[in-house]
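What Swiss-Prot records for this protein:
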type	residues	note
REPEAT	71-159	repeat 'Solcar 1'
TRANSMEM	77-97	transmembrane segment
REPEAT	170-256	repeat 'Solcar 2'
TRANSMEM	171-191	transmembrane segment
REPEAT	266-351	repeat 'Solcar 3'
TRANSMEM	269-289	transmembrane segment
TRANSMEM	336-356	transmembrane segment
Amino acid sequence: MSSLYKPFCVSEGPCKDAILRRGCAPLQHPAAPTRIPSPGGGSTRTFTPIPNIYPGQRTLAAAAIGGRKITHPWKAIFAGGIAGGIEICITFPTEYVKTQLQLDERANPPRYRGIGDCVKLTVQYHGLRGLYRGLSSLLYGSIPKSAVRFGTFEVLSNPMRDATGRLDNKASLLCGLGAGIAEAVLVVCPMETVKVKFIHDQCSLRPRYRGFFHGVREIIRDQGVRGTYQGLTATLLKQGSNQAIRFYVMNLLRNWYKGDDPARDMHPLVTAMFGATAGAASVFGNTPLDVVKTRMQGLEAHRYKSTMDCAFQILKNEGPLAFYKGTVPRLGRVCLDVAIVFVLYEEVVKLLNNVWRTD
């Protein structure tokens, strides 16, 4: 079979622990020592061959990880894409409100008095569908973003797991950082730039963009491909720290819950609770970066010379509390987002393991 489907080679050794691994090879006893005469007719020397304790070595696509198999990268990509698509359809209204409040700068007379007022005015003037304006741009980005995130995390984490499949907490932090950087460069920065510009445009008196693809064409025509990578530095910092915190907290809680029994199953409700906790931790950890990123990707991005200049102007003109604008709606959205994504991801992987064999 192609090496693409068998990227990891694992040796199956003897079952020394109380927890038996499938396909374990029996322990072989060492061979008897052999006496070899020394050159020149002197005394003999004793040679003991080194036994092959692990004869059952073969290539595997998966090894036991806490009661489940190592997730094949292609399964992770597929499951991550499905989870990301479903999640964004559920949580987009909170993302819309968060973006609106962040774009509602204090320098101008504020349009909204708070979350409730933002929702009320949006529904009043645009109906319930108004809360889903800009969904297409985020949906097109959420599916590949989640796919890249989980695929990259599995590629990086699988070789770092121990014999029982447990991933060290520090390793999960590094793997999460790598996953966040990958999704930022490949998906998040261009798609988030388009999303913010699209939502901002729809709130103007005379919207220019008739749809997602028309908006992309207009942005590229006016600003080039570089126009879709505005705020790359802020996005790298935000996504890298985001996923590092989330995967670290999630892995920390998972290891604590399973304790000395890596085969212990996690109920979806437990996964959801751990995911919500990881999401909350990431919100308080990097909301300032999210605010700067949103400003750098908005239609007024030309006002800022760089990411640092944007942060300095926000601090100078609006004060430190401006870095936490939209925290409450973002907290609710992210907790729900991360909980849903982790639950859906785990369940889809279980389903794929039943219908898609990679060993």
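Here the Cβ of each residue, glycine as well, is placed from N, Cα and C on the backbone.
Counting residues 6+ beyond its ends, the transmembrane segment (77-97) has Cβ neighbours under 8 Å at 71, 115, 118-119, 122, 131-135, 138-139, 142-151, 199, 326, 329-330, 332-333, 336-337, 340-341, 344-345, 348-349, 352 in the same chain. Residues of the same chain lying 6 or more positions beyond the ends of the transmembrane segment (269-289) and with a Cβ under 8 Å from any Cβ of it are 234, 237-238, 241-242, 245-250, 253-254, 257, 311, 323-324, 326-327, 330-331, 334-343, 346.
Within its own chain, the transmembrane segment (336-356) has Cβ neighbours under 8 Å at 68-69, 71, 75-76, 78-80, 82-84, 86-87, 90-91, 94, 146, 150, 246, 250, 266, 268, 271-276, 278-279, 282, counting only residues six or more beyond its boundaries. In the predicted structure, the repeat 'Solcar 1' (71-159) carries a mean pLDDT of 86.
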